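Trainee: Here Swiss-Prot flags 210, 211, 212, 213, 214, 215, 216, 217 as ATP binding site. Look at Swiss-Prot and you will find 411 tagged as site 'Required for activity'.
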């Protein structure tokens, strides 16, 4: 009898063509769909399929709501294969009887591949799974400010529940071409080398790339801390709400970062989204989308946000892990073929909206970690091609004490110069080119001692400018402080100051300006440009001060 039933189901499977199978699945009753599916899985999971066949032999009907529920065929490595759930959507949340949640990633003819958000040890074979009907959505709004949440929007800082009035889908489509506007407002990071040479605009995507331990997070964190000077005011147009997404980092690192933000009074305007190293790969994959979703709320309400993805290498690794376990075909470096789309659909959500769409903006600072300075690897080249420029940090410079360790030659901002303040553009226009020339000359100068006067002067000034661009961590500067300093360096007023005393000169000069010449800084702030009169005054003040400093 059992053999006859098996023969019947074999005939039924043979009768379906490739197209007929889909039509039968949609049109025929649930039982025939089960017939077509179960035999396909017979080799993979004989126990579960034979139990389904046994039910059919005994004349037991499958439960009528098979479209809404399913049964676990196999589970392991954070992946569950589920039979049933015919109507499930891609990336829909499902709930297992054990309470574990998962997300449907692979929708196949006979089964659904589900990635688990919790431990797979809690899920058993044969367990029932039910649809929730929800695609991953997260709470958004100003209520999140000052909080730490996980990839699904649940609070993890022990400060109680978050009462958000609105929820949004984590993976929304990026805005089209028409609602956008070109970048025209600056994001001040407070770092001399960034604001002068690789300026960032609101709505831009600027990549921070470098080896491990080169200060990538420090650059992003300084940018957050520098927003305090505007965010403590009431002008909504100048405020920049910050979202920091930690992917695959140690919990101790995230805790230290939150502590730093709290100590510097920056947590008031910041939101931290954390999917740490100990969490499941699907959560590390989702966290950047959650961060982008939170930032988009401000963008779409005419406000401005800055989202830091730290780092997207770990997101790509988590996505690779999920894809390989779901048996999707691997490509270069074993990443799936759509890993480029993973990052492009995320970073395209950063935009400057035009006036009719509220004029808000979302700026993205993705972080990528390289191996041994290799920027030609798969993920680094992908993200470099998606973003509007990159800040390249070099371990060699970092160990020499040049911090932030920005390689001027390889760092570029493709759209930020349009947003740079006029005063900064006036003084720093030639700075990047000069420093790139200096690095080139310095490399050759090691070979020969016979150098002409012009080369010696380039080396002399280059050393001082490099020293001037050094900056301590967590001490961002205002633009009206940077402009006089860079003006002094570029115009050769520091050529006579010993290199070892440059940072001392900087501290003393800023103190002198604040005490004795506050109107210079006030004028730079107010006008945003350097007039002929102001330039003459600056020259006079710098020369007088440098004489007394050296005297």
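Including glycine, each Cβ sits where the backbone N, Cα and C put it.
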Trainee: Apart from 210, 211, 212, 213, 214, 215, 216, 217, which residues in this chain have a Cβ no more than 8 Å from the mean position of the Cβ atoms of those residues at the ATP site?
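Mentor: Surrounding the site, in chain order, are 369, 393, 395, 398.
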Trainee: Ten-angstrom check, please: count other Cβ atoms within 10 Å of the Cβ of residue 213 (ATP binding site), all chains counted.
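Mentor: Around the Cβ of residue 213 (ATP binding site), 12 other Cβ atoms lie within 10 Å.
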Trainee: Enumerate same-chain residues with a sequence separation of six or more from residue 214 (ATP binding site) and a Cβ-Cβ distance below 8 A; give 'none' if the list is empty.
Mentor: 393, 394, 395, 398, 405
Trainee: Going by DSSP, is residue 210 (ATP binding site) part of a helix, a strand, or coil?
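Mentor: DSSP call for residue 210 (ATP binding site): strand.
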Trainee: List the Cα distance (Å, whole number) between residue 217 (ATP binding site) and residue 411 (site 'Required for activity').
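Mentor: Pair distance, Cα basis, whole Å: 17 Å.
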Trainee: Any idea what the Cα distance is from residue 213 (ATP binding site) over to residue 411 (site 'Required for activity'), rounded to a whole Å?
Mentor: 18
Trainee: Which residues does residue 215 (ATP binding site) neighbour through Cβ under 8 Å, counting only same-chain ones at least six apart?
Mentor: 393, 398, 403, 404, 405, 473
Trainee: These are the recorded positions: 217, 411. Which one scores highest on other Cβ atoms within 10 Å?
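Mentor: Comparing the recorded positions 217, 411, the most crowded Cβ belongs to 411.
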Trainee: Could you check the binding-site residues 212, 216 and say which one's CB has the most other CB atoms within 10 Å?
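Mentor: Selected residue: 216.
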Trainee: Which secondary structure state does DSSP assign to residue 216 (ATP binding site), in the simple three-class scheme?
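Mentor: Reduced to three states, the DSSP call for residue 216 (ATP binding site) is helix.
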Trainee: Fewest other CB within 10 angstroms, which one of the binding-site residues 210, 211?
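Mentor: Minimum Cβ neighbour count within 10 Å, taken over the binding-site residues 210, 211, occurs at 211.
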Trainee: Whole-number Å only: compute the distance from the Cα of residue 216 (ATP binding site) to the Cα of residue 411 (site 'Required for activity').
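Mentor: It is 13 Å, counting Cα to Cα.
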Trainee: Measure from the CA atom of residue 411 (site 'Required for activity') to the CA atom of residue 210 (ATP binding site) and give the result in Å, rounded to a whole number.
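Mentor: Taking the Cα atoms only, residue 210 (ATP binding site) lies 11 Å from residue 411 (site 'Required for activity').
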Trainee: Secondary structure at residue 411 (site 'Required for activity') (DSSP, helix/strand/coil)?
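Mentor: Reduced to three states, the DSSP call for residue 411 (site 'Required for activity') is coil.
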